[in-house]
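A.B. asks: Before we start, here is the structure in question, set down as structure tokens.
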Amino acid sequence: MKMASTRCKLARYLEDLEDVDLKKFKMHLEDYPPQKGCISLPRGQTEKADHVDLATLMIDFNGEEKAWAMAVWIFAAINRRDLYEKAKRDEPKWGSDNARVSNPTVICQEDSIEEEWMGLLEYLSRISICKKKKDYCKKYRKYVRSRFQCIEDRNARLGESVSLNKRYTRLRLIKEHRSQQEREHELLAIGKTKTWESPVSPIKMELLFDPDDEHSEPVHTVVFQGAAGIGKTILARKIMLDWASGTLYQDRFDYLFYIHCREVSLVTQRSLGDLIMSCCPDPNPPIRKIVSKPSRILFLMDGFDELQGAFDEHIGPLCTDWQKAERGDILLSSLIRKKLLPEASLLITTRPVALEKLQHLLDHPRHVEILGFSEAKRKEYFFKYFSDEAQARAAFSLIQENEVLFTMCFIPLVCWIVCTGLKQQMESGKSLAQTSKTTTAVYTFFLSSLLQPRGGSQEHRLCAHLWGLCSLAADGIWNQKILFEESDLRNHGLQKADVSAFLRMNLFQKEVDCEKFYSFIHMTFQEFFAAMYYLLEEEKEGRTNVPGSCLKLPSRDVTVLLENYGKFEKGYLIFVVRFLFGLVNQERTCYLEKKLSCKISQQIRLELLKWIEVKAKAKKLQIQPSQLELFYCLYEMQEEDFVQRAMDYFPKIEINLSTRMDHVVSSFCIENCHRVESLSLGFLHNMPKEEEEEEKEGRHLDMVQCVLPGSHAACSHRLVNSHLTSSFCRGLFSVLSTSQSLTELDLSDNSLGDPGMRVLCETLQHPDCNIRRLWLGRCGLSHECCFDISLVLSSNQKLVELDLSDNALGDFGIRLLCVGLKHLLCNLKKLWLVSCCLTSACCQDLASVLSTSRSLTRLYVGENALGDAGVAILCEKAKNPQCNLQKLGLVNSGLTSACCSALSSVLSTNQNLTHLYLRGNTLGDKGIKLLCEGLLHPDCKLQVLELDNCNLTSHCCWDLSTLLTSSQSLRKLSLGNNDLGDLGVMMFCEVLKQQSCLLQNLGLSEMYFNYETKSALETLQEEKPELTIVFEPSW
């Protein structure tokens, strides 16, 4: 009965609700706060329910007591105080067995109804504020989705755009933080830096702000660095869209604000509140509520490198108040330095040229480098760009055949330009084969297709417009200016009508949020036109300013540009100079003159060649990365005669290669270098995990990273790679058979591998190959290439020096190698086999070489587990009178005193042996005693003996002292890292004073000697100045 009574009572209350209030009541039933311990009712069941059905549903879902409490709470929520008070007074008496609703605000009997009503209103007010905040979040997300869901298609008609999600192609991101030295240049690799020992780590967008491990703090600042056109802005926009779409950072950020740095720099003063307001859809956003939780805000600052003159070390007081108006640079600096909303997170995009400046402002940032498109993603981009699948397939196949162009397409901007050109040529039936080999060629074709005059007066007007564009670009480059006002355009002879035409032709883009400001479609286009500034012949020669303008134009003297090139090696001039080389190609010059009806000067060619000659003689380009950067300039030119003349100035080439583009460029230049005498090539490579996956899927991996210099990729030298391709090796190594002067080749520290080695060996067997010294340490070789090397040894009589250290050749590989070493035509004199995974099993083969080879004089087999047995085998053959071995290296070979008798017998019989290296073997005092027997033999001619770290004590010093007074040949004795003690050293001091001791160099451990020993050593050096005592650090 009670159940029916409660349901009837509740139904009567609901019956008093008018239709509007009843709808509100049902809405609150659906959104009833779960923390109040009641189950909300599904909309499908309440939508058509009348007051009786609704009361029944409430009781069925929650029981009588909770249903009544829900009704009372909702009466207050819909502002029906009359029903609220009446229901409170009419509340049934619940039995003790019923579970009470633990909500003192709603059903607490101790408080008066008035107090309860006021408390409930306050609670509902808070709920309403939260709801409004959530409502605004939803509104803001909707606005961000609409703003960022489309991107302008630079090929499209005015007003047309494409879907960002449909066009976006995933970019490769790696978690990197490199030093200034590594970021000096995208081609820089000093010495033998082993970047392959530190593989790069890929990172996904959703993990950008996650800690590195469970013990680390969350990341609050992320820096996206990458070259021009690599996709920084498109990636930033994609992050905005994904967040607004609910697929990214939902649990971390309530608001993401996109800040275009160059736009902020144009505004005189504004507050952070103003900046946030400019990002919002309406003029009155709840800014105070937004900034009240800064940890829930992410500021996405795009284009830090585009700030004009900002972030000086002495910028002045920083801003800490979000309501205070400041200059744009101060505002951004305050955010970046965490003075303004320090709990907020930042995501900053920049070109590497500004990275050092930015780094000083940041505290523990996460650096993420954008590597562009992988091969698979390049293919994906083509298929997204071309709506017709057949066209996409044909275009991609064509590009794949052109390795250079295909490599360049890892840069999204270049990929877009190539696709645009291909589409235009497909539509006109032309071929892209010869117009897309270099960056200059691609840009030349693309821009000339847009700037074709229609004849008559339009030709003259086009030339004037082109000159204006070039002078504007050059003036901007020299002043590091990328945004131009209408007054700038007028100063360079460009009118509004001209700009509108260029807008349609996409040479300029009008800034959406910055009226009356213009910029080149991309920095590289500005650099291209700046290069043309030095080549276009004006109608009025010698003009230095525009008529009607007081503007002073940059000097057109190319020598001024080239002189400043070195000073701006991390700046904008590098690519201008590259374009300059590319544009003076004679065929390209004729093409441009025909297409643009403008005259282009050829005088600059001689100046460029003279500049190279001067720099070469001054040795300015012998230091990396300038030498490789020069190769890029020459490659852009694509004229073999010019390149050959330029390369004649560089007999010695030392470069480190990171990208396939590096390979192609260097191969082109080296092939045209006929006077090179020494060639040293290093290869840097790392493979992110995602690239390894692509390799497993059978995709051909490219070494892709920025080929743009300075502002384009000054820091990007640690790049991804698999093994060097055979095609590249053939191209590069072909120079070995054509250059008569090239005698040295250093390929140490690269991933040449067996396939590459096979190609190299084919070249080394060529009769015109003059290589005498070949270094192949750490090249990833195995026993599989040893047969090919053996063929070289048995046929190439010019090769006299070979280093194969740090390659896992193994015993079987040495067996194959020894076949060539024993050949009558083999003239090899020096052989390094250090750390080649050898054991005593290979010693029989090596021993046979020692007894048969007439040329081998130096053999280094240290860092291999040869052991006493292996060395005993070598010694047996080394005693042969026909053995010409002069230097033998057995460092860290696992030797003990057991092999010393065999070594001693070699010393007493082989008068050719002058150097013996035994460091790192536990010979002990007993071993030295045995060794000294051979050393004291009259026929022993040993000059250098290294016994560092051989477990020696003072007990061996008597034998060694005897040796020092008796030996007529020994000049250097190294005893470092042995505990000889004061007694042993004092014994040496006495012996070394004697005139019969001819030793010139003594190596001892750097250890604490007593006062007497120190005095004796000082006295010895004073009395015998010809003796050098070297104190080596103890290990």
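Going from the start of the chain as shown, residues are counted 1 onward.
The backbone N, Cα and C atoms fix where each Cβ goes, glycine too.
Okay, so Swiss-Prot annotates it like this:
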DOMAIN    1-93  domain 'Pyrin'
MOD_RES   Tyr13  phosphotyrosine
MOD_RES   Tyr136  phosphotyrosine
MOD_RES   Tyr140  phosphotyrosine
MOD_RES   Tyr143  phosphotyrosine
MOD_RES   Tyr168  phosphotyrosine
BINDING   Thr169, Gly226, Ala227, Ala228, Gly229, Ile230, Gly231, Lys232, Thr233, His522  ATP binding site
CROSSLNK  Lys324  ubiquitin cross-link
MOTIF     355-359  motif 'KFERQ-like motif 1'
CROSSLNK  Lys430  ubiquitin cross-link
MOTIF     603-607  motif 'KFERQ-like motif 2'
CROSSLNK  Lys689  ubiquitin cross-link
MOTIF     797-801  motif 'KFERQ-like motif 3'
REPEAT    798-818  repeat 'LRR 3'
MOD_RES   Tyr860  phosphotyrosine
CROSSLNK  Lys877  ubiquitin cross-link
CROSSLNK  Lys926  ubiquitin cross-link
CROSSLNK  Lys972  ubiquitin cross-link
A.B. asks: Under a three-state reduction of DSSP output, how is Lys972 (ubiquitin cross-link) classified: helix, strand, or coil?
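C.D. replies: Strand, per DSSP.
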A.B. asks: List every residue in the same chain as Thr169 (ATP binding site), at least 6 positions away in sequence, whose Cβ is under 8 Å from its Cβ.
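C.D. replies: Within the chain, Thr169 (ATP binding site) has Cβ neighbours under 8 Å at Phe373, Lys377, Glu380, Tyr381, Lys384, Pro412.
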A.B. asks: Which ones in the same chain are close to Lys972 (ubiquitin cross-link), with CB under 8 Å and 6+ residues apart in sequence?
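C.D. replies: The answer is Gln943, Val944, Leu945, Leu999, Gln1000, Asn1001, Leu1002, Gly1003.
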A.B. asks: How many whole Å apart are the CA atoms of Gly231 (ATP binding site) and Tyr143 (phosphotyrosine)?
C.D. replies: 23
A.B. asks: Neighbour count, 10 Å Cβ-Cβ cut-off, for Tyr143 (phosphotyrosine): what number do you get?
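C.D. replies: The Cβ of Tyr143 (phosphotyrosine) has 15 Cβ neighbours within 10 Å.
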A.B. asks: What whole-number Å value do you get for the CA-CA distance of Thr233 (ATP binding site) and Tyr136 (phosphotyrosine)?
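C.D. replies: Just about 26 Å between their Cα atoms.
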A.B. asks: Averaged over the motif 'KFERQ-like motif 1' (355-359), what pLDDT does the predicted model reach?
C.D. replies: 79
A.B. asks: Given Gly229 (ATP binding site) and Tyr143 (phosphotyrosine), what distance in Å do their CA atoms have, once rounded to a whole number?
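C.D. replies: If we compare the Cα positions of Gly229 (ATP binding site) and Tyr143 (phosphotyrosine), the gap is 27 Å.
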A.B. asks: Rank the binding-site residues Gly229, Gly231 by the number of other Cβ atoms within 10 Å of each Cβ and report the first-ranked residue.
C.D. replies: Gly231
A.B. asks: Given the recorded positions Tyr136, Tyr140, Tyr860, Lys877, find the one whose Cα is closest in space to the Cα of Tyr13 (phosphotyrosine).
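C.D. replies: The answer is Tyr136.
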A.B. asks: Out of Tyr143, Ala227, Lys324, which of these recorded positions is nearest Lys877 (ubiquitin cross-link) by C-alpha distance?
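C.D. replies: Comparing Cα positions, the closest of these recorded positions turns out to be Ala227.
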A.B. asks: Return the member of Tyr143, Tyr168, Lys324, Tyr860, Lys926 nearest to Tyr136 (phosphotyrosine) in space, with distance defined Cα to Cα and candidates limited to these recorded positions.
C.D. replies: Tyr143
